[in-house]
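Single-structure report; data block below.
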Amino acid sequence: MPHPYPALTPEQKKELADIAHRIVAPGKGILAADESTGSIAKRLQSIGTENTEENRRFYRQLLLTADDRVNPCIGGVILFHETLYQKADDGRPFPQVIKSKGGVVGIKVDKGVVPLAGTNGETTTQGLDGLSERCAQYKKDGADFAKWRCVLKIGEHTPSSLAIMENANVLARYASICQQNGIVPIVEPEILPDGDHDLKRCQYVTEKVLAAVYKALSDHHVYLEGTLLKPNMVTPGHACTQKFSNEEIAMATVTALRRTVPPAVPGVTFLSGGQSEEEASINLNAINKCPLLKPWALTFSYGRALQASALKAWGGKKENLKAAQEEYIKRALANSLACQGKYTPSGQSGAAASESLFISNHAY
């Protein structure tokens, strides 16, 4: 067994751990506002709004400048490259706006999924080339954490061991590079909800994928206390005819995490995976009420599940700004309660709260 070559100094480790804990402080989660230009185009199209840089800026500003009621709810915001360099109407750069509200600035650093030859339509994620230099620059420009998404599909013969291994290794390489540059990596191995598989199959696959991810992180000497995990919840496939309760989903999810995620990891920030706004909050609440020992913060890193009602209320019209912000605040407050196991569904909900946000074969 070789001797360890220290990858990080004690000071570097402390900085990373502190950042990670700030993001997942009690009651806090993450706003994922890192949709690529192509993805935000679909959101804007859904409300009949043109995909211009100004519309994108205005919409992100709407979310980032919601009043102080969101401050105790949002520990971090993930931005797309373009957004990191945009400014609010008052001239403040967006990172400054986020920090002034007590949030940590995050940046999406992957370059999207690409086909993995020799597999049945499986993918890996590109973007390792030049990543160290980009991280160094992003750190200077105010970002303290990053996100990298890998995607796996459940099918008769998927995910293959090749896809699991390759994606685990690419996540570990990314995480290691981020930490060298003072950036906390969010590790996102998303298992898509496409398919007719049941809850048990999703749980089994989730366990295998997470076990591989943490083995790779160990092999690459990644400092776990300075990372976060962004997994899917364990849910049945969208085409599964059998219905499962929120408690069953919570139990399967927490069981899978307990079997695979070391307690050194400070927090698990679930992706919403096309669940409706309300469903994402109810499931997160059930996960936090699950009667098993949970050594990590279990919170949210939601995109559509925080934004859908706000987007609809805005409708691309400046005069709807306040109404849209109210919808966003409503979801932020709901999820802040849910990550503490204190959410009671109100029945009254936002403009799009119960609409399914599922997109088949979702690519950002």
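Cβ coordinates come from backbone N, Cα and C, glycine included.
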If Swiss-Prot marks one of Ser132, Ser245, Ser281, Ser360 as phosphoserine, which residue does it mark? Ser132
Which candidate in Thr9, Thr344 appears in Swiss-Prot with the annotation phosphothreonine? Thr9
Candidate sharing the beta-D-fructose 1,6-bisphosphate site with Ser272, Gly273, Gly274, Ser301, Arg304 (per Swiss-Prot), from Arg22, Arg43: Arg43
Select the closest residue to Arg43 (beta-D-fructose 1,6-bisphosphate binding site) from the following recorded positions, measuring between CA atoms: Ser36, Lys111, Glu188, Lys230, Lys330. Ser36
Just checking, which of Arg43, Lys111, Arg304, Lys330 (recorded positions) has the fewest C-beta atoms within 10 Å of its C-beta? Lys111
Within 10 Å of the Cβ of Lys312 (N6-malonyllysine), how many other Cβ atoms can be counted across all chains shown? 19
Of the recorded positions listed here (Lys42, Ser46, Glu188, Lys230, Lys330), which is spatially closest to Ser272 (beta-D-fructose 1,6-bisphosphate binding site) when Cα positions are compared? Lys230
Candidates Ser36, Lys108, Lys312, Lys330 (modified residues) - the one closest to Ser301 (beta-D-fructose 1,6-bisphosphate binding site) by CA: Lys108
Determine the minimum-neighbour residue: among Thr9, Ser36, Ser272, Ser301, listed as recorded positions, which Cβ has the fewest other Cβ atoms within 10 angstroms? Thr9
Ser36 (phosphoserine): which of the recorded positions Ser46, Lys108, Lys147, Gly273, Lys330 have a C-alpha within 10 angstroms of it? Lys108
